[in-house]
Structures are given as C-alpha cells and as structure tokens.
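As recorded in Swiss-Prot, the features of this protein are as follows:
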ACT_SITE  Lys27  active site
ACT_SITE  Asp152  active site
BINDING   Pro110, Met111, Gly112, Gly113, Gly114, Val115, Gly116, Gly117, Gly118, Ser119, Ser120  ATP binding site
Amino acid sequence: MKTHQFSTALFSDYKQGDSFNFPCPAKLNLFLYINGRRTDGYHELQTLFQFLDYGDWLSIKVRNDGKIRLTPEIPDLKTEDNLIYRAAKLLQQKTACRLGADLHLDKVLPMGGGVGGGSSNAATALVALNYLWKTGLSVNELAELGLKLGADVPIFVHGKAAFAEGVGEKITYCEPPEKWYAVIKPNVSISTAKVFSEPDLTRDTKKKPLEQLLQQEYTNDCEKVVRKLYPEVEELLRWLVKYAPSRLTGSGACVFAEFADEQSAQTVFNLKSKQFSGFVAQGLNVSPLHKMLEQLNRQNHG
C-alpha cells in the first residue's frame, strides 16, 4: 500500500483484484492506572484507549479450499503462533466455515512498542474475515473470540475509543479530544512481564470514576519503573516533555507527546535524534477499519 496514514487512502486502495486491504490501526493508552493485583496474577487496570490514523495493512484474498496462508514469515515466530493465523483459525472453528484465506501483512508498527500492533492485526483478521466469509458473528461474539488472543484485542474489535477496567474486559465507549501525536520508539525492547513483576511498580492507585479521570492530568503507572529500567526511555521522555505533555503508552517502549495540530507535532518529531524511529498521527475515536467496513457495506447495499 502507498500510505500508512489511513485517512489519505483512496476507496480504490481497499480493493485490488480479488484482494481486500484492511487497516490495522495503532492505539495509545492516553492514561493507564494499576489498581491492584488479583490472586490469578492479573493486574486490575483503568486505562483509556484511542486509535491512531496510522498502522499496518492486512491484505486478504478468500480461498475455497479452507487453507490459511500468511506472508511474510516473521523470524523466530512459527506461523501457527502468529496472532493473525490464530485469529483466522479461531473464526473457522467457531463458525465451521469451510473457506480459507491468503493473508499478507504490510507491517510498519513496531513489535512490543505499546501501540497495539499484534492485537490490532488479530482484531482486523477477525473482523475482516467475518465480513468476507459472511460468518455473521456479532461484534460482541468477535470480541469474545479476540479475548482468547489477547487482552487488548476486544478494544480493536469494537472499534471505538474506550475506557477499559478490570483486566480490560469492562469497556465503556468514550470520546476524548482527537489530538495530534508524535510517537517515538527508543531502541529498546521492553518485556511487559518484566515491568509488571517489578517490585517498585505502583499497584495501588485508587479507582476513580471515568468523569474524574478525564478531568485530571493523564499519567501512566508503568512509566516510573520503565524509566528506571531503561535509561533510553528516561532520556527520550526528559527531552520530549520540554516541548509538550509526554508519556509512555502501555508498558512501552513507545512514548508520545500531544499537540493541538499536525504542524506542531511534525516540527517536534523532526527534531528527534536520527537513532529513533516513529511517526506522527492524529487520534481517532472510530477505528479506520470500521470506517472502511461502513463504506464497503454502503457500496454493497447502494
């Protein structure tokens, strides 16, 4: 695909021959609070998700023989363990669908960056194949399947900016301002498990109602520990916060700064050290994937 900024894609980009191209948008955790640890080891959270107008493309061509093929292969990851492949298989099994698919991922989002790349890929596979295979599952049924693949997958399946509580299963749709963000990835790989097992991690932030959380300054309880464990993140945030409110997304490694307009975000992004990667994108309260499906449905019923 020519662009990874979905709003600039033409409707003709969505369908090429027998293949459909579906967006897999990034996300940010605009805030993230850890309220406690359960007996099963999971952490209770309160977090606000917003999508970004930027991400991967998943191309899908339906097959009649039931086979699932996924390209390109990711080094050190078996295809059967890939979330996209697992999503397709789950949907096949759940619906007894006899169709298959050739899937190709055009990837730009960093793996393990805290921007939801793998979860977004899995959700797009579920939502898009449900549409192409005509398997007829509701959004809630797809979200339930998605939860088997990862805690963040249901948010992408629902396709609306949302406040999530508990271990991520309680979802309230939300409409935070659609600001512009400079998203930057330091050259470190962060283990979520390591962050959440760290003794110094704040685990007792008091639960608050959403209305109150939206009014106060947004922060991320993982950030203090990540800054301590990874000096590159500390250094990057110390630089970025000089220009705009900045923080970690998820458990990292990506950090982001928020701006009122694209030009301000791009100006600061251009000042970053060349050793860091990243992108500039606007926050979106409706996923580009769901906007595309609306267009396809309108065209089909038009």
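These residue numbers are counts, starting from 1, taken along the chain as shown.
Backbone N, Cα and C atoms are what each Cβ position is placed from, and that goes for glycine too.
This view paints the features noted in Swiss-Prot onto the structure.
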residue : record           : DSSP class
Lys27   : active site      : strand
Pro110  : ATP binding site : coil
Gly116  : ATP binding site : coil
Asp152  : active site      : coil
Gly114 (ATP binding site) and Lys27 (active site), distance between Cα atoms, whole Å: 8
Residues close to ATP site centre defined by Pro110, Met111, Gly112, Gly113, Gly114, Val115, Gly116, Gly117, Gly118, Ser119, Ser120, Cβ within 8 Å: Ala26, Leu109
Nonlocal residues around Gly114 (ATP binding site), in sequence order (Cβ under 8 Å, 6 or more apart): Asn29, Ile190, Leu248, Thr249, Gly250, Ser251, Gly252, Ala253, Cys254
Of Gly112, Gly116, Gly118 (the binding-site residues), the residue whose Cβ has the fewest other Cβ atoms within 10 Å: Gly112
Which listed residue (Lys27, Asp152) has most other Cβ within 10 Å, given these are active-site residues: Lys27
